[in-house]
């Protein structure tokens, strides 16, 4: 692929449509300074996507549009089109099939750019993607403009790395990595937002889960509680009946056993009296014999202990005596051996000590000789160091002066060239003073006034917008309050209705039975009652479960179908019945409860004889006046009869208040209607406020667009005014600068001539000094070598003597240590021998004494043993007689105790059985009455009751059910459906979270893969470019060397620096080179990159300017060599470079401010000239 042509229209100084062809090879663009040559490079960079006006030598993007001249008006837009020849298919992908690729960009005065790819509108990113990895780009190494050389060489290591990345084709990887990181950031943000939503839904779901679970549990617990209560009563009755029958059998058996045990007790007591008398006689005889036996045994044990002790003493003394004799023999042998060793060591030490003294004297002599030899060597070396330092200083001074002379001469050449260039530029500058016109000032004033007026309107709209938003916030806050109140009221209403339905018996088996009879929706007694305020608890205490009674019409038929009721109980009443009698009369001045209640006729029947009192004290005073069937109830629900009272706990009374709950339900229904109406009104007000805000914001947008348009016009006018003024100022500054630079150059040239002469003198002096030093070094080096050999010989002799001395000292030390050890051993053995001899004498005397007393003790022991045998026979006979008496007495005593315990136990058991029978009979009567009060089918309950049912278990279960129902509190039956809906949403959110997490892991893996590929490609590119630089640098410099160096081990972040060594100089950082050397080094790097990944073309803008003729020649040779692979477009003033080009494109500015193109095919012109000759 190569660049075949450029079409410029309205771009900078190219106002007319100007095609610039590039046939191939090397194209040189020539022309005088300021004619617009560099605008061609700016055009290429701009089309490639350059977005910085500063890098296009402008203040804003509008500066790239032709701004007019003395004879032409400004144009409204600029357009550049690059046409590439892709016949070789170098541009792959979807464009591989196109033989020609067209890239175009145009911009208008508003700064809006449009991109076109093969005539189709596209994005800037699409243009960038097309050239990714090709080496082309707005700031790539393929475009070397004025100043790029210095930027390339003086770039920071991180910036220089960018050129290698473009050459490696990893800019696409970095773009993909940035895109992947952006997607990861977006994914993490989405994941965080999703987590917030999940947490909120989770909290709501947890709350609803508890409410839904409570509602389900409430439904099941009520039915289970009724069934368990009936079963418990049946269990108690059955258990009590079984217990009473068992007690009757037990009582008869215990009476018979009691009479038998009393007769047995009397017989045993008579036998015990005779046995006690005989036992006392046998016990006295045994005590006397046993005393004699114990005394003989004590004497025998004492004698045997003395005999045993003497035998052990004799044996141990004999063994110890034998061991001591053996130890004494060993000690004497060791003592003799150690004495011999000590004598030998004393003789050896007497021989070694004189040898050590002689060796010490010899070592001191050797050390003295070594010190003298080292002193001589050090003196010789110091003299040589002084000479070497003088010669080094002379060489460095000569090198510095040579470099300074070369540098000064190069600068003089550059100054002479610059003098000629400055003279030409002064001749080209126009004279006179161009001041900006006043037409732009009027336009700017008008636009400024218009902008101020529009700003005032926008401020007014901002105030209206702020007021509208505050009104919306206030309305929305009120709406949220109404919605929250409505939601709370509905939840409370639902919970109360559920509790009311449960309190009125609207659930369980009863509900199913009512459904079958068509009475599901029939009114309850409690629903049609009205009672005077404050007496609700009193009425509920009296009516109790009767409040659940259901209105019906045919009670006999319904009663006949009661067997189909699976469980529970229900009360029905005739809804059409009328009151047949008047309410009961007052008792002792108390009013009746019925007088405070209105409702169905059944109410007065149930309340007959029930009077009311304000408190317990009042009720107690009137109890004596109550007649049969009359009672009195207090305001707080305590119900008194003549001989009974019924009370309920405060918690039970509060929770079971059906009538109070009904009133609260009616009040809540009214509140819900009011809240719903308030929510509707607030929603309408919020919609109206939001609509008004939308209109205000639309008007504000229109004003902002008008302000933006005005500001763009104002900026354009000011820019044009500033451009005209700046052009005039720039021309004036340019003239003054050129004149001043001419004067400075002349002064610098004169000063440089003086410096060159002085440098040559210093160079000659330095060379002379170096030669003198060389003549003085030879004799000193010989002296130093002789001194070094003497030092080495002295060192070797000293080491040999020191080794012999150390060997003798070690042998003496070893002998002295051994002698000390032997002295200690001999002393220890002598002490041990004396101790053994003394101990042996003591043991011999002890053995003699023990042998004399053994015979006397043995005779005494034999006599006592004979006496103990006789006494043992008497003692055995006495013990037998006493044991017989004890056994008989114990047997009779056990028989008597057993008989007494049995009699007592039987009497107590009989009394206990009779008492329990009375108790069971009373409890059985109570349980039967309670079961009758439940009005259940006893047979059905018995059939449903398991055989293994336990009463305690049923009581615990019933208490647990009651407690569980009370703990449920208010019930929200709507929570079940809400929980199911929210659970589905939670599942969807969980799926989303899993997908996002998986996507995040995938993106992380992708980044790791991109990093691996980037490292590999960067390393490969670095090595290849480094090799190319090391090969090309000597070619362009005619010698020397250069290489690339990384600043870090991390291949993803490391910077790159250039190290160079021109011929005759030390290797150094590239920043320390001269301007020409930097230019050549930059070209070496660019060409090395080209060899690795050739860009389709390379543009060089006056790269050869700082080079001398020799370097330009080598530079052109390399251009011609590479032009077969790379298309070069060179802007130059150098004739040698022009001669190497195959095509010349001349840029002129015959019309001031307008560039034109004149193209010449050099090869065709040469052929034509040869044909003419």
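Cβ from N, Cα, C; glycine included.
According to TrEMBL, the feature ATP binding site maps to 32, 33, 34, 35, 36, 37, 38, 39. Summarising the environment of residue 39 (ATP binding site), the number of other Cβ atoms within 10 Å of its Cβ, over all protein chains shown, is 19.
Per-residue pLDDT, averaged along the coiled coil (170-268), amounts to 77 for this model. Sequence annotations record features per position, and here TrEMBL assigns coiled coil to 170-268 (among others).
Look at TrEMBL and you will find 314-478 (among others) tagged as coiled coil.
Annotated domain 'SMC hinge' per TrEMBL: 519-623, in sequence order.
Annotated compositional bias 'Basic and acidic residues' per TrEMBL: 717-729, in sequence order.
Taken from TrEMBL, the feature region 'Disordered' applies to 717-737.
Counted within 10 Å of its Cβ, the other Cβ atoms near residue 37 (ATP binding site) come to 23, all protein chains included. What surrounds the ATP site, by Cβ distance within 8 Å of the Cβ centroid and not counting 32, 33, 34, 35, 36, 37, 38, 39, is the set 13, 31, 1147, 1149, 1155 from the same chain. There are 12 other CB atoms within 10 A of the CB of residue 33 (ATP binding site), with all protein chains counted.
Sequence-distant neighbours of residue 36 (ATP binding site) (same chain, 6+ apart, CB under 8 A from its CB) are 12, 13, 14, 1147, 1149, 1155.
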